[in-house]
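Okay, so here's the structure we're looking at.
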Amino acid sequence: MTSKPKKVGLSVGELIVKAVAASKERNGLSVAALKKALAAGGYDVDKNKARVKTAIKSLVAKGTLVQTKGTRTSGSFKMNKATERERLQEDQRSSSAQQTSHRELCY
């Protein structure tokens, strides 16, 4: 029995985080708007409804997303400010590490 090859690309949770982080809405992004954003990005939402729901649940449980309205997997969600700061700091660290390695290559 052969194993299936691993999919290339971002996971559902990462796609959700990306969509919510890109949103400039003050009260967060609704589930309907989130599904539209995922569909616009090429993700088949109708086929993977359960995966989207479980990804939202796990992101709320981890503390990555905060639910601003509604209950369970309905309502609106926005990024948790603490995790958003950590993510920005990681991005800055990785970009500075890439710049230093680029400098080393140039000289």
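Note that Cβ sites are derived from N, Cα and C of the backbone, with glycine treated the same way.
Note that this is a predicted model, so its numbers are computed, not measured.
TrEMBL annotations:
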type	residues	note
DOMAIN	8-81	domain 'H15'
REGION	70-107	region 'Disordered'
COMPBIAS	81-93	compositional bias 'Basic and acidic residues'
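Helix, strand and coil residue tallies for the domain 'H15' (8-81), in that order: 36 helix, 11 strand, 27 coil [DSSP].
In the predicted model, residues of the domain 'H15' (8-81) average a pLDDT of 89.
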